[in-house]
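Shown next, in structure tokens, is the structure this report addresses.
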Ligand SMILES: Cc1cc2nc3c(=O)[nH]c(=O)nc-3n(C[C@H](O)[C@H](O)[C@H](O)COP(=O)(O)O)c2cc1C
């Protein structure tokens with residue numbers, strides 16, 4: 001067995017003090033996000049792990065890209081018929097988590113998920129590079145395919161079919177918005193005495209709770 005017990009880091013880059021905590025978690029998320037962006041050491045700040053409860057009863061986590069956020073929620077795009085799409089249809093409760101090692105931070109968001117308006121999905125779809133638009137058309141995400149070759153062929157056929165024309169957004173493709181019910185902010189500290197601030201909604205208001213590391 002490979003011994004990994006020597007792999008350890010002391011987290012000492014920052015802290016999350018009680019003084020000055022914003023009233024709303026979205027403000028803290030935006031602050032952290034902007035700090036990460038300014039710091040410039042995180043290759044994909046908007047990559048987040050989306051966990052769903054699968055139709056087989058197992059949780060499943062995979063990475064998707066956060067495309068927008070405000071105080072109403074967090075938006076990402078995917079295939080509505082994919083494995084995750086089916087899971088969210090059956091159980092619209094999800095967890096989003098971000099790990100930002102460059103600043104030793106983690107954010108964990110639990111909430112309910114719903115599809116965004118088709119018009120918004122349409123607008124975003126057409127803002128993507130043509131190759132990505134065609135890719136969405138070419139892929140029945142999460143289903144098996146005979147070979148890589150088959151997929152590449154499908155893309156080529158679509159490229160010539162839509163040459164010089166607008167690519168229609170497939171009905172099965174669009175955005176989801178996660179409306180948070182809780183948001184936990186984790187800042188690594190020395191001696192494993194990390195800071196954890198949990199925001200939860202209680203009686204319609206956001207409340208802050210400090211958790212033990
Ligand atoms: C960095 C990164 C970004 C990704 N972004 C997305 C995304 O925004 N939407 C998406 O559907 N899949 C995205 N994927 C692929 C998913 O992780 C996953 O493979 C795919 O959505 C199929 O998941 P499913 O079969 O569980 O539905 C991304 C993967 C990585 C590694």
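Each Cβ is built from the backbone N, Cα and C atoms, and glycine gets one as well.
TrEMBL annotations: computationally assigned, not manually curated.
Among the candidates 106, 166, the residue that TrEMBL annotates alongside 62, 63, 64, 65, 66, 67, 77, 78, 84, 141, 142, 186, 196 as binding FMN is 106. In the vicinity of ligand 1, defined as a Cβ distance under 6 Å, the following of the binding-site residues 62, 64, 66, 84 are placed: 62, 64, 84. In this model, the domain 'Pyridoxine 5'-phosphate oxidase dimerisation C-terminal' (173-213) carries an average pLDDT of 97. Put simply, 128 is the one of the binding-site residues 8, 10, 128, 192, 194 whose Cα lies nearest to the Cα of residue 64 (FMN binding site). If you look at the domain 'Pyridoxine 5'-phosphate oxidase dimerisation C-terminal' (173-213), the same-chain residues 6 or more away from its ends with a CB under 8 A from one of its CBs are 9-18, 21, 23-25, 28-29, 32, 67, 72-80, 88, 94, 96, 104-116, 118, 120-121, 124-125, 136. In the three-state DSSP scheme, residue 66 (FMN binding site) is classed as coil.
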